[in-house]
């Protein structure tokens with residue numbers, strides 16, 4: 001294995017959202033938002049990142065509301081308007097959640113642009129998003145292909161210390177830990193990141209050219 005990329009990736013799962021608590025019917029909420037507890041989790045993560053002096057120089061975020069909210073709260077230090085620590089934000093549909101339930105389907109772009117006018121959603125203007133088809137289909141094989149493209153996306157960015165705000169099931173695809181028998185709509189808790197959990201990985205390229213996330217020795 002070799003690593004000429006010299007990139008560090010901080011994988012962050014979003015804070016607790018409406019579909020993470022309550023009855024199964026909550027999975028029918030379209031693109032749910034954070035709960036009050038989820039907001040508190042994000043505030044705690046903001047303090048943790050600051051106390052550990054995490055040197056983020058780029059942010060990649062899923063275009064779903066719970067991840068956008070998590071980014072705005074947990075990474076507020078890095079998003080400071082005009083501040084010395086302000087870093088670029090990349091909104092990418094590659095990092096949306098897998099699954100076909102309403103809770104895993106994003107809002108239409110016109111609504112997103114109204115809710116979050118300061119961000120660029122151009123990458124979502126692909127004629128597919130937010131529909132769950134083609135590269136975004138709720139399918140294990142397709143999601144594995146999407147995770148490969150997501151890693152290629154990260155590798156192509158000019159930044160070296162990248163925070164990625166994404167979702168529990170898709171994180172398992174990024175880490176190549178999803179098995180075909182797994183239910184991607186209802187992932188067992190023992191197989192997932194906790195809400196607002198973050199872990200540090202090195203983005204490396206193997207001798208065969210494969211991109212992988214390997215847990216960092218500095219974690």
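In case you wondered, yes, glycine gets a Cβ from its N, Cα and C as well.
Summarising the annotation, Swiss-Prot assigns active site, tele-phosphohistidine intermediate to 14. In sequence order, 34, 38, 62, 64, 66, 67, 69, 70, 165, 166, 167, 195, 196 are the residues near residue 14 (active site, tele-phosphohistidine intermediate), counting only same-chain partners six or more apart with C-beta under 8 A.
The active site annotation in Swiss-Prot covers 167. Under DSSP, residue 167 (active site) is assigned to coil, being neither helix nor strand in the three-state scheme.
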Handout entry: Neighbour count (Cβ, 10 Å) for residue 167 (active site)
Key = 25
